[in-house]
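Participant: So Swiss-Prot lists the following for this protein:
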{"type": "TRANSMEM", "residues": "70-93", "note": "transmembrane segment"}
{"type": "TRANSMEM", "residues": "156-179", "note": "transmembrane segment"}
{"type": "TRANSMEM", "residues": "195-219", "note": "transmembrane segment"}
{"type": "TRANSMEM", "residues": "291-309", "note": "transmembrane segment"}
{"type": "TRANSMEM", "residues": "346-369", "note": "transmembrane segment"}
{"type": "TRANSMEM", "residues": "385-411", "note": "transmembrane segment"}
{"type": "TRANSMEM", "residues": "433-455", "note": "transmembrane segment"}
{"type": "TRANSMEM", "residues": "530-548", "note": "transmembrane segment"}
{"type": "BINDING", "residues": "572, 581", "note": "[4Fe-4S] cluster binding site"}
{"type": "TRANSMEM", "residues": "588-609", "note": "transmembrane segment"}
{"type": "TRANSMEM", "residues": "662-684", "note": "transmembrane segment"}
{"type": "BINDING", "residues": "673", "note": "chlorophyll a' binding site"}
{"type": "BINDING", "residues": "690", "note": "phylloquinone binding site"}
{"type": "TRANSMEM", "residues": "722-742", "note": "transmembrane segment"}
């Protein structure tokens, strides 16, 4: 008797034509809410409309419909991204000096915007070299185009059109997968299939495609550009792809084709897949042959990873099994219950993803300058500073967003009945110990780190430099950081004998200069860095304290035991309970944003000053002339030094920018200060003040018989705070942007 295997049933995971396509709802603002669809009685309606329009949880409790809306919205987001990137490429094609920059990237600055002569605005068109007048850009697009092998504006045009085609495709997909073929809930919850497809498809095949592009297109074109060949003389990408003899002139192993691959003689390919380490001395960027090798290796890893999870074939990992097996001697039930959380709460899933992506973005910020991935990026100081600042802020917002969605998960989706004695439950049960210890750490770090600066300010004021903490008096050397630097210098000889140098000159060996400018060199760390790193530790710990307290106390606290019933955002625990304001999970996000801004301001200020003082500069016969002449070590060890020698001294360019091509930064600097100050109006005054004022103004309108039909109302407490923090951050970020760019474009 033969026992045959039961037939695998094909699951139908798509519902056909679930929702009719109709524009009728577009004409009904607030159609998703019974209250809002009635239309406005008071001005609060428009604020609630904005607050709830994308809060799909508030529209329906049907998880399948919520999932479909989120999925569809993702395609809309991708369409916006494709339109944006298409616009960037179009600007490069239509309004830029890309071809001129490509022929002389050392002396010509990138520009992709020319201002029309209206009311004298053409003053903004500065001379960027090569006879081109325009606004200098610091986005890094020219460098990434060079690394991709783009040699003409026609190629930028065609890529821009491709971006618009992709945007159209994404918009179609968003409509199709909501109205025509909408996935069922089971499809969204099939995590093993999702992992396989995302790992093997997006990351594996994505990296493989990029490695293929780098090898067949980018590297030969960049090899010729580095050798000084005129971009117009370089063969087109398809010629390198189709004509093996052409690329074999540059990389002889191409003559052998795939024979070395199948005979396992992989070292034959080492002419274009290298493991050099360090930076290319011609361009100041990573060796493109190293990055091609890296992407090929990443592709192999992720293609393997994309076959690890169990789907229809009964082999491989099962996420539920992995999570439930994950327990130690002190962790109770471990991760039991976590699978159910991540397959039924998209807020929990989003929180995890934002935390990981935010951390990764900050890691990217630190690698962009220390291991510049694109040619000539390292000597474009404005772009280096912009990319660091941009990635730091994006990472910070993602991490605060992670806390926000963790708290929303706790309030809306957490079911304590299913979470008994697992790690999450145990963390929540000893939250008092966690928060009080973290609070102690914040107090310790705050007093000690700030105290070191106050000591130095006092000693300098009293004329006692010998009693200061500095490299020339009482030294506080960052010995662990110096040990890590030294370890990385030694690493190639120990762990990677084939590599010719360490991952970056930052660690302590070699000076890379391009066109007489420092691309990268060893970054010495001393007492000044020790001091400011402890300020970083302090501000980061306070940010974490606020965000973590918000998450752990989002459902209940001693003060408000039934907090979960009040929701994610609420002003106070009702009338008659004084002292219960600003306790909602939303308020912790609100406060966390300010400390995130504090943390990152100090981090980007540290980076900006340190690089200008100790790294960036010109090579002269007498040695290296740094932009601020190495003043960081002695000036940044006092609060007064930060105020006088960094903020004030380096603000002179933006303050004096009027009448120059940088004058827009002067106006932005001024305007952003106003936006920031405007935020304080919302943050410092209570709702009652404004309601009284409004009622007085309404009285005057009634007198004149011009009273509005929609009753004016003061912003709610939560709305006022939201407007306040938005303007605080917008004003602060734009002020910093203008300050940094006017400075670095002037001196670089």
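Heads up, the Cβ atoms here are built off N, Cα and C, so glycines get one too.
Quantities reported herein were computed from a predicted structural model and do not represent experimental measurements.
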Participant: May I ask you to check whether the transmembrane segment (385-411) and the transmembrane segment (70-93) make contact, with contact taken as at least three Cβ pairs under 8 Å and only pairs 6 or more apart in sequence counted?
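Facilitator: Contact absent: fewer than 3 Cβ pairs fall under 8 Å.
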Participant: Would the transmembrane segment (662-684) and the transmembrane segment (722-742) count as touching if the test is at least 3 Cβ pairs under 8 Å, pairs 6 or more apart?
Facilitator: yes
Participant: Which residues, given as numbers and ranges, are at least 6 beyond the ends of the transmembrane segment (530-548) yet have a Cβ under 8 Å from it?
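Facilitator: For the transmembrane segment (530-548), the sequence-distant neighbours (Cβ-Cβ under 8 Å, at least 6 residues beyond its ends) are 399-400, 403, 434-435, 438-439, 441-442, 445-446, 448-450, 452-453, 469, 476-478, 481, 588-589, 591-592, 595-596, 598-599, 602-603, 606, 636-637.
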Participant: Cβ-Cβ under 8 Å from residue 572 ([4Fe-4S] cluster binding site), same chain, 6 or more residues apart: which ones?
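Facilitator: The list for residue 572 ([4Fe-4S] cluster binding site) reads 580, 581, 583, 717, given in order along the sequence.
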Participant: May I ask for the residues of the chain that lie six or more residues beyond the transmembrane segment (70-93) and have a Cβ under 8 Å from a Cβ within it?
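Facilitator: Distant Cβ neighbours of the transmembrane segment (70-93) are 54, 56, 112-113, 139, 141-142, 145, 153-154, 156-157, 159-164, 166-168, 170-171, 173-175, 177-178, 183, 188, 346.
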Participant: Please report the distance from the Cα of residue 690 (phylloquinone binding site) to the Cα of residue 673 (chlorophyll a' binding site), rounded to the nearest angstrom.
Facilitator: 23
Participant: May I ask for the residues of the chain that lie six or more residues beyond the transmembrane segment (195-219) and have a Cβ under 8 Å from a Cβ within it?
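Facilitator: Hits for the transmembrane segment (195-219): 147-149, 237, 240-241, 247, 250-251, 272-273, 288-289, 291-292, 295-296, 298-299, 301-303, 305-309, 311, 319.
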Participant: Could you check what DSSP calls residue 581 ([4Fe-4S] cluster binding site) once collapsed to helix, strand or coil?
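Facilitator: In three-state terms, residue 581 ([4Fe-4S] cluster binding site) counts as coil.
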Participant: Have a look around residue 673 (chlorophyll a' binding site) and count the other CB atoms within 10 A of its CB, chains all included.
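Facilitator: Result for residue 673 (chlorophyll a' binding site): 15 other Cβ atoms within 10 Å.
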Participant: Residue 581 ([4Fe-4S] cluster binding site) has how many other Cβ neighbours within 10 Å of its own Cβ?
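Facilitator: Within a 10 Å radius of the Cβ of residue 581 ([4Fe-4S] cluster binding site) lie 14 other Cβ atoms.
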Participant: Return one of helix, strand or coil for residue 690 (phylloquinone binding site), based on DSSP.
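Facilitator: Note: residue 690 (phylloquinone binding site) is helical by DSSP.
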Participant: When DSSP states are folded down to helix, strand and coil, where does residue 572 ([4Fe-4S] cluster binding site) land?
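Facilitator: Coil, per DSSP.
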Participant: Could you tally the C-beta atoms, other than its own, that fall within 10 angstroms of the C-beta of the residue listed as 'phylloquinone binding site'?
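Facilitator: Taking every protein chain into account, the count is 17.
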